[in-house]
Amino acid sequence: MGWGDMEPPNSSAAGRSDTCFGVFNASDGHDNAQNSITSPWFSTAFGLIGLCSNLFALCVLLSSSRKLSSRARSSFLVFLCGLVVTDFMGLLVTASVIIPYHFIKFTWAKVDPGCHLCNFLGFSMVFFGQCPLLLGATMAGERFFGINHPFSRSTSISKRRAWSIVGLVWGFSCLLGLLPVLGLGRYTLQYPGSWCFLTLLPDTGNVIFCLLFALLGIFSVLLSFIFNTVSVVTLCRVYHDRESVQRRRDSEVEMMVQLVGIMIIATICWMPLLIFIIQTVLQQLPASGQIQMLPMEMQKMLLIYIRMVTWNQILDPWVYILFRRAVLQRVYPSLRPRPSILSLYPVLNPSLGRKLTAD
C-alpha cells in the first residue's frame, strides 16, 4: 500500500473534478514529483523486501504449524497466517499496478478513462488496509477469552473454524472496499498521481465513507488494546504459579508478546492516518461541498501517512520471525522453560510409581 512518488497525470485529466482524476493540482505536483527523493528502483527494492519478509514468515509459520499439538497455539498460528497472507497479497497487488507505472509512466486518463483501474487500486488499499486491523482485534479477542475464560468452552477453536473467522474478516473488508463502487463515496487519484484512495472532500457520500473507514480502524485498534491489556495483566498474575503448567504458560506468553508487537506496530503506523482522515473531513464540513480540491499541504500529509501505513505490512512478519521462543531464548537464556516437578521427581508420576511398586 502507498507506494506513490510518481509523475502525476496530465493537467487536463487532473482538472476534471467529476472523475477520479480531479482531486489534486497536477501542475503543482509535477515539479515536486520530479524532485522527490524516491525512485523506481527504491520503490521496487522496498516492495521486494516486504514481499520476501512476508514469504519467509509464511514458510516459518507453515513449518511451525506441522509440529504443534496444542489447539490453542495452532489456531493462533492460523490467524497469524491469515495476517501474513493478507500483507503479502496487499504488497503484491498494489505493486503490480504501481511499479509498472514507475517505469512505463502511462497517462492514467488514457489508460483508464473509466476509472476501473483506479477503483481497483482504491479497493485494494482499503481492503488490504482494514484486514490487518480487524485480524489484530480478532486475535486479541480470541486470546482474551482463551486466557481469562479458559473453562467457558471445552476446547480451543479448531483450525477449520479459525480459517472460517479469517474468511469472515476478509469478506467484511471486501464489502467495505466495494462501498464506493456501489455509490457511497468514490476512489480518486491521489498526489503525486500514482495511487488511488478514498476522497477527503466534504460531500455527503465521501464524508460517510471516510468516517466509516477511519472509525472502524480506530475501533479495531482500541479493542485490541483493551483485550491485550487485560490478557497481559492476567498472565502476569498467574505466570509464577504452579510449576506443572509452566510450559503451557510459556506458550501463552509467547503468543501475547507477538500479539502486543503486532498491536504496537499497527497503532504507530495507522493511527496518524485514521486521525488525519477524521480531522480533514470534519474540518471541511462547513464548506458544504464547495471544495473541489484538497490543499497541497494536505495532499502531502496524506502521502506521508500512507507511507507510514506501508511499513505495517513490512514489519508485521518480523514480529513473528523475531519474537519466537526459539529466538528469544538465544538472546535471553533465562527465558528457557524451567523443568516441571514431574521431571525433577519422576517417582511422582503415577505410571512410574506403579512400575516401581510392581518391581
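Backbone N, Cα and C define each Cβ position, glycine as well.
Just so you know, TrEMBL annotations are computer predictions that nobody has curated.
Listed in TrEMBL:
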DOMAIN    53-320  domain 'G-protein coupled receptors family 1 profile'
TRANSMEM  41-64  transmembrane segment
TRANSMEM  76-101  transmembrane segment
TRANSMEM  121-141  transmembrane segment
TRANSMEM  162-185  transmembrane segment
TRANSMEM  205-238  transmembrane segment
TRANSMEM  259-282  transmembrane segment
TRANSMEM  302-323  transmembrane segment
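Counting Cβ pairs under 8 Å to the transmembrane segment (205-238), the top-ranked stretch among 41-64, 76-101, 162-185, 302-323 is 162-185. If you take every residue in the domain 'G-protein coupled receptors family 1 profile' (53-320) and average the pLDDT, you get 84. Counting only same-chain residues 6+ beyond the ends of the transmembrane segment (162-185), those with a CB under 8 A from a CB of the stretch are 75, 78-79, 82, 86, 119, 122-124, 126-127, 130-131, 134-135, 138, 198-199, 205-206, 208-210, 212-213, 216. Same-chain neighbours of the transmembrane segment (121-141): 1-2, 76, 79-80, 82-83, 86-87, 89-90, 93-94, 97-98, 165-166, 169-170, 172-174, 176-178, 180-181, 187-188, 195-198, 213, 216-217, 220-221, 223-224, 227-228, 231, 259, 262-263, 266, 270, 309, 312-313, 316, counting only residues six or more beyond its ends whose CB sits under 8 Å from a CB of the stretch.
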